[in-house]
Amino acid sequence: MAFRSTTGIIFLACLIVLASAAVPKNTKRKPANPPPRAVADPEKDAEITNSCPEDGFFADAEQCDKYYECRNGEIIEKLCPDGMVFNDYSPEEEKCDLPFNIDCSQRPKLQTPIPSLHCPRLNGYFSHEDPKECGKFYYCVDGKFNMITCPDGLVYNDKTGICTWPDEAKKKGCGAADVFDFDCPPVNETFGLTHPRYADPADCQFFYVCINGNTPRRSGCKLGQAFDDVSKKCEWARKVPECADWYKGQLTDAELDALENPPTVKPNSKRKSHRPKAKDVEIEE
Ligand SMILES: *[C@@H]1O[C@H](CO)[C@@H](O)[C@H](O)[C@H]1NC(C)=O
């Protein structure tokens, strides 16, 4: 592994030399300093660059979505699909990925975008055009979009491409105060460190956790339950006086009873559910 990546770096160094050959040398010279690197022998460089160091796939030194395939000593320049970047973890793999887990800081250039409706580039996750739509975003594949909505109370974080708490997403106009119609009541520091919980005044099923006493995060109880502001826990709605009728019109008494007393599974039935876990996003066409 170490050997391979070293070779890759040497190869890249050669590409940089090639790329900068036509460009004037560093103009901000500091003559007092020793030369930063060994002076390259131009003939030797040409020799190395004309023949690939080994077969494989190598990242471009400047452009994150550009890479090179070396095959039988020949270099073929390639581009990832628009919106994706070259994953340079192994020269044996030709792999382009969405940019979230790939460090492009050393090769920040990208191809010219090919935009389409809701998709600034052909592929990727993109924020909603309306900055007030904090929890909506688009997933684009080949320029075709799907709008995705984060679970209630979460904000789309365009740095990570996932839904997170508003205080974590740190998105302008999408802070806890903008997303929630709730202010944490002032508390002393000691009490704040217990992350106190408060019932959502507008919805019996939900409550707010005030992180460090001051940053609200909305959380919910199971269907059929309500947050009891006295015990500070989720309880079956019938046991919470101010919420006893909360599910009327939504669930029948029989349905509520079935939620509270789920039918017992026969002990000899060993069937396992292979259904995937509920995704934490809803997909809307
Ligand atoms: C902080 O507030 C809590 C709850 O209101 C109270 O019980 C506690 O005595 C207070 N502590 C201090 C140090 O003021």
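The backbone N, Cα and C atoms fix where each Cβ goes, and this holds for glycine too.
Here is what TrEMBL records for this protein:
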type: COMPBIAS; residues: 268-277; note: compositional bias 'Basic residues'
type: DOMAIN; residues: 49-106; note: domain 'Chitin-binding type-2'
type: DOMAIN; residues: 116-176; note: domain 'Chitin-binding type-2'
type: DOMAIN; residues: 181-245; note: domain 'Chitin-binding type-2'
type: REGION; residues: 26-45; note: region 'Disordered'
type: REGION; residues: 257-285; note: region 'Disordered'
type: SIGNAL; residues: 1-21; note: signal peptide
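Summarised as a single figure, the pLDDT of the domain 'Chitin-binding type-2' (49-106) averages 90. Residue counts for the domain 'Chitin-binding type-2' (181-245) under DSSP, helix first, then strand, then coil, are 10 helix, 23 strand, 32 coil.
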